[in-house]
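Novice: Structure in structure tokens, see below.
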Amino acid sequence: PLTFILTGIPGLMMSSYWMALPLCCLYLLMLLGNCTLLWMIKTDHSLHTPMYCFLSMLAVADLGLSLSTLPTMLAIFWFESTSLPFEACIVQMYFIHSFSAIESGVLVAMAFDRFVAICYPLRYTSVLTSSLIMKAAGAIFMRGICVVLPVAVLIKKMPFCGSRVLSHSFCLHQDMLRLVCGDVTVNSLYGLTAVILTKGLDALTILLSYTMILRTILSIVSQETQAKAFSTCISHLCAVLIFYIPLIGLSIIHRFGKNLPPLTHTLLADAYLLVPPVLNPLVYSWKTKQIRRRILVLLCRR
């Protein structure tokens, strides 16, 4: 049966507890942070607002993204298990790219939420109704599921020969594609089109939203009101930067950084998949007053 060989961190021993322990801590922190966010939003009725509905969707996407990489990452560093069957690799690749597209869509929805809250505050509740939020959630998840499906179907039909060694501890589409010994023009074109239609358009939409938000904030006379309006966007801006900076860096080096050391590719890929799910709950807990207050109340009760 066709199997792929996954790679740990270049220059590091395969069975390295110095790497396995921090990875376990990161995954535990991710699970604790995102599950706590979901639990607080569900149990606290004061958090049943559009912004926190979108935040709960972001937590679900982060959980899915991290759990997609968890089995192979821990198998490599704990048990030195580097082989992965072809079908399992395709399934992992599908879920990684699907949840990544879903997270990008959620960030767009959160940008729209901030746009309406700052530019049209009097119409906030009439625009962002429960019905609209449910439709937006369904559209975001369906887009992530459907756009990535042809990627998995196309690569499943490709012939693989020669090297079966992947560059990362998990399966990515670009990484699998370079091992194909047939014509990959269709796969490459569809993969590029899918990225442009999801993350490319999402990034432009977020940029446009914040351009209009910035214009509205600068038109406010009171500096105190300006600072208050801008502070409501800080958490979302941090989440956008945490997600898009490693993503853009990884896309650039996959296409133009062929001569870069393998460690560069590995670290950027790990940052793209591990950093956002870990940092997003921390950022929102630190910058959002309602969540911070709720955490303090829980800690005081204990």
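Each residue's number is its place along the chain shown, starting with 1.
Note that Cβ sites are derived from N, Cα and C of the backbone, with glycine treated the same way.
What TrEMBL records for 33-284 is domain 'G-protein coupled receptors family 1 profile'. Annotation comment: TrEMBL describes 20-41, 53-78, 132-155, 233-253, 265-284 as transmembrane segment.
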Novice: Using Cβ atoms and a strict cutoff of less than 8 Å, what residues sit near the transmembrane segment (20-41) while being 6 or more residues removed from its termini?
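Specialist: Beyond its ends, the transmembrane segment (20-41) has Cβ neighbours at 47-48, 52-53, 55-56, 59-60, 62-63, 66, 70, 73-74, 77-78, 274, 277-278, 280-282, 284-285, 291, 294-295.
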Novice: Other than its close neighbours in sequence, what residues sit by the transmembrane segment (53-78), given a CB gap under 8 Å and a spacing of at least six beyond its ends?
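Specialist: Distal contacts: 6, 8, 14-17, 19-20, 23-24, 27, 30-31, 34-35, 37-38, 41-42, 84, 92, 95-96, 98-100, 102-103, 106-107, 109-110, 113, 133, 137, 140, 169-171, 239, 273-274, 276-277, 280-281, 284.
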Novice: Six or more residues out from either end of the transmembrane segment (265-284), which same-chain residues have a Cβ under 8 Å from its Cβ atoms?
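Specialist: Cβ under 8 Å, 6 or more out: 7, 9-10, 26, 29-30, 33-34, 36-37, 55, 58-59, 62-63, 65-66, 68-69, 96, 103, 167-170, 172, 235, 238-239, 242-243, 246-247, 249-250, 253-254, 257, 291.
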